[in-house]
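If you look up Swiss-Prot, you'll see 36-56, 63-83, 99-119 marked as transmembrane segment. For Gly73, Thr76, the entry in Swiss-Prot reads Na(+) binding site, with the evidence type sequence analysis.
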Amino acid sequence: MISSLLQVALGGALGASARYLTNVGSMRLFGPAFPVGTMIVNVVGSFLMGVLVVVLAHKGNRYAPFLMTGMLGGFTTFSAFSLDAVTLYERGQAGLAAAYVGLSVGLSLAGLMAGMAAVRGWMA
């Protein structure tokens, strides 16, 4: 358990650092008009999650805590969201997958807006 926790912590630090560098680099290249860095991180993270799911299924998942939960979790949680949605779809639960995607996005946006409204009201 401690070994897995350390793997997740180290991977998370590396993933978060990679996310930060990607965002800083994209801001310098493309400017702040569109969140290119976040889009890059989400697409690349989802691609890498797809690669790791297949590779680790064949090679063993000894490094899954470091690579999947740690590095990709620190890099982007969108990769885990994408994996969950595709897993539901591949299990033949397309309706549940669609509901998961819709609810996740909708409720996350609502949660963000509620948090912002709560703090703005408190700080006013």
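Cβ coordinates are placed from backbone N, Cα and C, and glycine is handled just like the others.
Around Thr76 (Na(+) binding site), the C-beta neighbours below 8 angstroms that are at least 6 residues distant in the chain are Gly15, Arg19, Val41, Asn42, Val44, Gly45, Ser46. Only residues 6 or more beyond the boundaries of the transmembrane segment (99-119), in the same chain, are considered here, and those with a CB under 8 A from a CB of the stretch are 81, 84-85, 88. On its own chain, Gly73 (Na(+) binding site) has Val8, Gly11, Gly12, Gly15, Ser79, Ala80 as residues at least 6 apart in sequence with a Cβ closer than 8 Å to its own Cβ.
Within its own chain, the transmembrane segment (36-56) is flanked in space by residues 19, 22-27, 29-30, 63-64, 67-68, 72, 75-76, 78-80, 82-83, 86, which lie at least six positions past its ends and keep a Cβ under 8 Å from the stretch.
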